[in-house]
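Everything on this sheet refers to the single structure shown next.
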Amino acid sequence: MVKLLQATLRWCFMRVENVFNLAFGDKLNPFYHLGTISFWQFWLLVGTGFYLYIFADTGVHDAFESVEAITHDQWWAGGIMRSIHRYATDGMILTMFLHLIRHFAYDRYRGFRAFSWITGVVLLVLVYVAGINGFMLVWDKLAQFVVVAVAEWFDVLPMFNGTVIRNFLYEGSVNSRLFTLLAFIHLGAPLIVVFIMWVHVQRVPRAHINPPIPIRYAVTLMFIALSLIKPVLSQGGEADFSVVPTNIGFDWFELGVLALVYEMDPLKLWYLVVGAGIVFVLVPWLPPKRHGAAKAEAAITFHPANRAVKQRFDETILDAGLRQDINLPYECRNGGCGVCKCTVLAGKVDPGLYQPNALSAEELAQGKVLACCATALEDVEIEYDASAVRTNIKEYTASVVELTRLTHDVMRVTLKLPGSERIQFKAGQYINIILDDGQRRAFSFANPPHYGDIIELQIRLMPGGRFTTHVFEGMKVGDAVRFEGPIGDFTLRESDRPIVFVAGATGFAPVKSMVEDAFRRGIKRPIHLYWGVRQLKDLYLPELPQQWAKEHANFHFVPVISEPAPEDHWTGRTGMVHEAILADFPELKGHEIYACGSVRMVEAIFPFLKAHGAEDGQCFSDAFTLSARSMALQPQAK
């Protein structure tokens, strides 16, 4: 029965969406932005509500007159605001309901999505209740009907037992304190709504809270046009409890349930409304799944990022990737635009439900799917178009303010942007220095993000290197440096796992940024830094991590020298850096590993770490001259 209902609703949505695609295009189809349109209407409600509150009076005998003055004396502002406020309420309830039904039709409400479904139902109820409460504040004949109907409906409940209606029995029984309470409810409800709206999107990776700009303009102009064509006016004059209102313009969309109070037993209406609410909340578990019917997690490896992530039950490929901070191309997230189109390189995938114009049968036969609709049925490898990913990479020009030689072959270069300009980046990211001929050289931020007014780079002299040679022999304070950034996703993941950093040579630069940022953010996870170099002279700034270890109980520093010279008198750890790690951690399961150094170092250590329990998708690297990769494709160590 549920499958038949879903299929019927889905057929209707697909046909309507196809028509809207023809009219507005797939990127501006309102049905692909129902959630964000609801958010936008809420912002309109808040904005117009604040304006109306400035001029509205909450006194029981002054409320009607103040609303009339807003509506007529300043029709060009207050009157339009009042109408937009009413129409945006109706519109928000409508788009929220369509959003809810659409997710039901496309079977996107089970598993981890059940959280968003439940909060969505709660939001719909709260906005509906706040809308009914808003009718009361006008204090016209329609407001009189609403307060009496609500009072009579609540009075059938044993806890009230006829006490609520006593406040509305005759003229003069309503006092300003009760009216102020109604106004307080109307002001407090949006605060609860905005909090639950924030909670609602927490399970949606990179959730948008505003629709595309053209849709924002269209929705706002539509409400303005409605306000001018059919302005919202008070009904029948001021509320008068000495008479019963009989000739009012009824809002069946929001007040229909109150009409039923007089058409059926009010107690049975409570049973109906509460029962429907319970059913809506339990929909993600209806009908109950057979034990063991839930799908196991699948590993998804994304190319060209070469990163592996775990897909949760019923999670789309797009959501799985975005949740792990992989920059995948996407737009509508509803199977209509085709921007998230990708290729399945290996494994089985359920392509899901989508508009045929977004993915043709020929493309499907070639192994292409829409990441926003497809789910992995087993471990899969996916290739996406990295060139289609939107980034916030910008070009900057900075000045060299400091040059400090840390060792014989490592220079600390400090750059400063002009004036008060800052660059927003995440610890672990890097920039590309732009040379005169357009060539680029990548260097990681060595400073944490909260020092965004400067950029610290740690540059190692590469024999014959064009730019590094210039740094050591020709660069001077005051020189201009062009660069672009920030770039990369070698950033600290949010989890409770212990962290193991592996740095080789100047791989310490991004680690320094990440560790200092972790300290500032109050991260208390155990952090272990293994810094491997060839000789003691290659270990620049060793006093810094040593100081960290003294100041932070959760930080541990282990320097490792592979070929110590006799004159070093080194008594610390020797050998390969991964050998030191495995000596301390024979079992790496449950740890996050961040490795930064040369390509050779990173590729050498990953197989050994995997052989000792390191998990796919929990090892990350930023190998020099190589984009960030996961160890998912590394073979087992022999």
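Using N, Cα and C of the backbone, Cβ positions are placed for all residues, glycine too.
Positions annotated as domain 'Cytochrome b/b6 N-terminal region profile' by TrEMBL: 1-213.
Under the heading domain '2Fe-2S ferredoxin-type', TrEMBL lists 298-388.
For 393-493, the entry in TrEMBL reads domain 'FAD-binding FR-type'.
Residues or ranges marked as transmembrane segment in TrEMBL: 37-56 (among others).
Among residues of the same chain six or more beyond the transmembrane segment (114-139), those with a C-beta under 8 A of the stretch's C-beta atoms are 56, 58, 60, 63-64, 67, 85-86, 89-90, 92-93, 96-97, 99-100, 103, 146-147, 150, 179, 182-183, 185-186, 189-190, 192-193, 196-197, 199-204, 234, 238-239, 251, 254-255, 258, 277, 280-281, 283-285. What TrEMBL records for 114-139 (among others) is transmembrane segment.
Remote same-chain residues near the transmembrane segment (145-169) are listed as 132, 135-136, 178, 182, 239, 241, 245, 248, 255, 258-259, 261-262, 266-267, 269-270 (criterion: CB distance under 8 Å, separation of at least six residues from the stretch ends). Annotated transmembrane segment per TrEMBL: 145-169 (among others), in sequence order.
Marked as transmembrane segment by TrEMBL: 181-201 (among others). Here the transmembrane segment (181-201) has long-range neighbours at 39, 42, 45-46, 49, 53, 58, 116, 119-120, 122-123, 126-127, 129-130, 133-134, 136-137, 147, 207, 209, meaning same-chain residues at least 6 beyond its ends whose C-beta is under 8 angstroms from one of its own.
Annotation source TrEMBL lists transmembrane segment at 213-229 (among others).
For the transmembrane segment (268-286), same-chain residues at least 6 beyond its ends with a Cβ under 8 Å from one of its own Cβ atoms are 2, 104, 109-111, 113-114, 117-118, 121, 125, 153, 156-157, 257, 260-261. According to TrEMBL, the transmembrane segment annotation covers 268-286 (among others).
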_Long-range Cβ neighbours of the transmembrane segment (213-229) (under 8 Å; 6 or more residues past either end)_ = 28, 30, 33, 36-37, 40-41, 44, 79-80, 83-84, 87-88, 91
*Report the DSSP secondary-structure composition of the domain 'FAD-binding FR-type' (393-493) as helix, strand and coil residue counts.*
11 helix, 46 strand, 44 coil
_Summary of DSSP states over the domain '2Fe-2S ferredoxin-type' (298-388), given as helix, strand and coil counts_ = 15 helix, 29 strand, 47 coil
